[in-house]
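*Asks:* Sending over a structure as structure tokens; questions will come in a sec.
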């Protein structure tokens, strides 16, 4: 009679069951651009799939360790696998002299190869094309570069990238983006790809609106401009609206385009001129145009024609340049003074040149009088005679006298302040190039005028606002570092007050200055540079009805929004703007890895890769605490190497030791000999020159 147990024992049956359950066949491939687009209801040509790396899929299995290994067809063999289904005994040793030896049974690791996504490569390449185009304005070169890039199936992503970058730039770049799209239409980018690109933009409107407050309105204008330029059919709006969720920002964009732009009388002309018309000229070219029209006016004396030319320039925020150049011309050609004064008076009376632009033009000329006197020796005297005339005729605000000096004379700015401003501009430009925070801090300390710290903050943010997101992010990161190192909260508050007091003037040159200042304020709160109450303090120092007060309210609104912290932290790309807890976690992990047997050079590189030199005092603090806990002074070797390389400055080292000293009472609860160990570390640090001399006496008080 057959045994009830059959051919397999219970143990073998259990092994068979477990092995069967854990057979895992891997068959995955990267998501292709085609499948991505199909999820978004947009048709696009299929992109190539990246080739699968490694070996045949059906002979690959994941081991318990997570590694991929080759296994035999029957299910046995290979390091980290379950073995054959009926194996119950331990593995037999491999004998290469055995006649049945199979090299496939040798343990090995699969060597992976990098899989490149052609869409990712394309996206990176087009960014450089777009940036170069915004710098040069060369449409033909951009078209040629895009053709040479190939991958025409991805051109819809070019449209999305172009408009996304332009969203965060000035009107000049927005106009340039629309001009480029019209130029590429049909010749380089097909009509279908234009439609697909705009649809992808509409789908991403919710995300874009997080970082750009007026994204809906700007996207609506891009959409309307595309319809006006005949690169998008009006029917596209109806079809796109049906394909998008009703609650999405994309639908709002379409509705805004239809109601605010495309349904207005003479909407085509309105839309085409919204960003300054079809010209995309540089500042230098604009200055030449201004000089040309003024000289032509002096020759023919036609005030009406001159005003029309100024209006057609379409740069109301740059009219201060018209005022400045007109006054210089009046001083250079004495016979032209009556005509110039007549033109400026008429331009002011009809509201062509605003009062603030007029004052700004006079102020800019006053600042350059010393240089101008080299070419026009009597420049100072002539300017002082022009100011009272302009005020008496009513087209220059009398407030100009208060800013320029009493008795109508132009009071020279304090030489010390003027020299300081000149030096900090050079320091800030150097920082934007080098990203070297410790060097900037050393340069500021060398100037030795901490009472001017608010002026530095004002100049830093003003310069950053006129640059790219990278520099804006760097400015916010620098503020955090300066607050930790050398700036008091009062310095930061006073600096923002100075900025906001001049916000209306700043908006004349930087159209979205109010939004950007609000983001800088909100970011300062998120970075713990300012407390929320400081915003109220700043607001109380401003006029209730001024632009600066509105900016403060906007910042408070940004902070109170849901998930505000993460959004504001990433408002400019967040290159180094981690949350503090995230940074602390990374520091702890790299120190643990070094303590468990890592190489000092690798640990230094990891600290460098953090990209937060202003936060290196946390590295010092955590390294000392870890040394106390592990009773291992190996961390001192790491700190010495960091100090030798200049990776951790003496200021950061001193701050790290100070933070340990301040927390010794709490530390002693977990580490009984914390005080004794800290005294030893202080002596070692002073011997090696890590600490500032001022640390000595305070350290003695805290460690005994």
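We number each residue from 1, going along the chain as drawn.
Note: Cβ is positioned from N, Cα and C throughout, glycine not excepted.
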*Asks:* Quick test of your reading of TrEMBL: among 25-51, 133-159, where does it put region 'Disordered'?
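*Replies:* Matching range for region 'Disordered': 25-51.
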*Asks:* Write down the single range among 71-107, 182-218 that appears in TrEMBL as region 'Disordered'.
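*Replies:* Comparing 71-107, 182-218 with TrEMBL, region 'Disordered' matches 71-107.
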*Asks:* Taking every residue in the domain 'MI' (285-406), what is their average pLDDT?
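*Replies:* The predicted confidence over the domain 'MI' (285-406), as a mean pLDDT, is 84.
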*Asks:* Can you tell me which of 121-242, 285-406, 582-701 gets the most C-beta pairs within less than 8 Å of the domain 'MI' (419-540)?
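*Replies:* Maximum Cβ contact count belongs to 582-701.
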*Asks:* Taking helix as H, G and I and strand as E and B in DSSP, count the residues of the domain 'MI' (285-406) in helix, strand and coil.
*Replies:* 98 helix, 0 strand, 24 coil
